[in-house]
C-alpha cells in the first residue's frame, strides 16, 4: 500500500468519527428549534432522536457482515447519496414521520461510516501504534462535538433554519466522498484475494467478553454521569452557567487527554495502563460526587483527562485478541458501546425520578468500577501480548 493511499484512508477514518460526533452532540443545540418547527413540546421531540441512535446501533451491528459482502468504497459512496436524501428530507418536509425517517437514515449512514473508519485504523496500523491512532481518530468525535454546536449557535442566532446545521454536517461526508476517489480500500470476504491455504478461524476468547462488558458499562456510565451533572450541580445551588461550564470543562479536558494519550500510550502495555486509568477515573468520579463545590471543577477536569483513553483502548485491545484484526470482533465491541448509549436514559431516568440526580451519578460511578474490574480480570486472559510479539518478528 502506498503512503498517500494510507494517508487518505486515515483521513476517511478521522472524518467518519467527526461525522458521528457532529450528529450526536449537536442534537441538544437544535432540539428546541425543531420542537418549535413542529409545534411540539421539547420532551416529545427528544423521543424522535431515538431514531438517530437506533440507526447508528443497527448499522454498526449489521456492518460486521455487510463489510464482507459490499466493498467499503461502495458503502461510502452509497452513504453519500443517502446523506443527500436525508438532508433534503429534513429541508423539504413538515412531516414528523419523514423527520424521524430522515434521522434514522442519518444514523444508519454515520454508523456504517464510523464502523468502516474503526476497521480501517485496525487494518492500517499494528500493535501500540494502532492504539495511539485510534485514540487520535476518536478525538475527532470530540472536536466535532465542540465545533458544530458553535456552528449551530452561529446559524440559529441569525434566525437561519435549523436544518442548515445538518447541511453543514453533510459537508463532512462530502469530504469523505471526495477522498474515496483514487483510493484503494482493503478487500474483505469474497472480494479478498485468498491464498491457497484457507485461513484458520480464530476463537475470540473470554477476554473479548470482558472487553464487551467494559465497553457497555463505560459508555453507559460516562453518558449517565455527564447527562445528569448539570441537574446535580443546580441542586447544589450552582447557577445554570456554572453547571454548563462543568460539562464544557469535562469535554475540553477529554479532548486534550486524547491528544496526550495518543503519544503516551506507545510507551506502556495497553492492558496495564487501561486498568490504571479505569481505577483513577472511578476514584475521581467518586471524589467529584462527594466533594465540595469549590473542588468540583478540578475533579471533573482531571476525570475528563484520565478517562479519555479508556474507550478507545478497549476497542484496540479487542482488535488485538486475534492475530488478524477481525471486523466482526471490532464491530461487536462497538455495538456493545452503542447499546450503552441507547440505555443511558432508560437506566438513569427512573433512578433520577425515584432518588434524584446524585443516585444516577453514583450508579455511573458503580459502572466505572465494573470497567476497572473487567480490565483487571482481562490481564489474566488477554492475548494482545503474544500477538504483538508475533507481529514484531
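Glycine too: its Cβ is placed from the backbone N, Cα and C atoms.
Just so it is clear, the model here is predicted, and its values are computed rather than measured.
If you look up Swiss-Prot, you'll see 11-31 (among others) marked as transmembrane segment, on the strength of sequence analysis.
Swiss-Prot lists 51-71 (among others) with the feature transmembrane segment.
Residues 37-38, 40, 48, 105-106, 108-109, 112-113, 163, 166-167, 170, 173-174, 176-177 of the same chain, all 6+ positions outside the transmembrane segment (78-98), place their C-beta atoms under 8 angstroms from a C-beta of that stretch. Residues or ranges marked as transmembrane segment by Swiss-Prot: 78-98 (among others).
The transmembrane segment annotation in Swiss-Prot covers 101-121 (among others) and rests on sequence analysis.
What Swiss-Prot records for 134-154 (among others) is transmembrane segment, and it gives sequence analysis as the kind of evidence.
Sequence annotations record features per position, and here Swiss-Prot assigns transmembrane segment to 162-182 (among others).
Within the same chain, residues 247, 250, 278, 285, 307, 310-311, 314-315, 317-318, 321, 329, 332-334, 336-341, 343-344, 347-348, 360-361, 363-368, 370-371, 374-375, 377-378, 381-383 sit at least 6 positions outside the transmembrane segment (206-226) and bring their C-beta atoms closer than 8 Å to a C-beta of that stretch. Summarising the annotation, Swiss-Prot assigns transmembrane segment to 206-226 (among others) and lists sequence analysis as the type of evidence.
The transmembrane segment annotation in Swiss-Prot covers 245-265 (among others).
Taken from Swiss-Prot, the feature transmembrane segment covers 273-293 (among others). Among residues of the same chain six or more beyond the transmembrane segment (273-293), those with a C-beta under 8 A of the stretch's C-beta atoms are 214, 218, 225, 236-238, 264-265, 299-300, 302-303, 306-307, 309-310, 313-314, 317, 358, 361-362, 364-365, 368-369, 371-372, 375-376, 378-379.
The transmembrane segment annotation in Swiss-Prot covers 298-318 (among others) and is backed by sequence analysis.
If you look up Swiss-Prot, you'll see 332-352 (among others) marked as transmembrane segment.
Tertiary neighbourhood of the transmembrane segment (361-381): same-chain residues 205-207, 210-211, 213-214, 217-218, 220-222, 224-225, 228-229, 232, 271-272, 274-275, 278-279, 281-282, 285-286, 288-289, 310, 314, 317, 347-348, 351, selected by CB-CB distance under 8 Å and a gap of 6+ residues from either end. Taken from Swiss-Prot, the feature transmembrane segment covers 361-381 (among others).
At the 8 Å Cβ threshold, with sequence separation of at least 6, the transmembrane segment (51-71) lacks contact with the transmembrane segment (134-154), having fewer than 3 such pairs.
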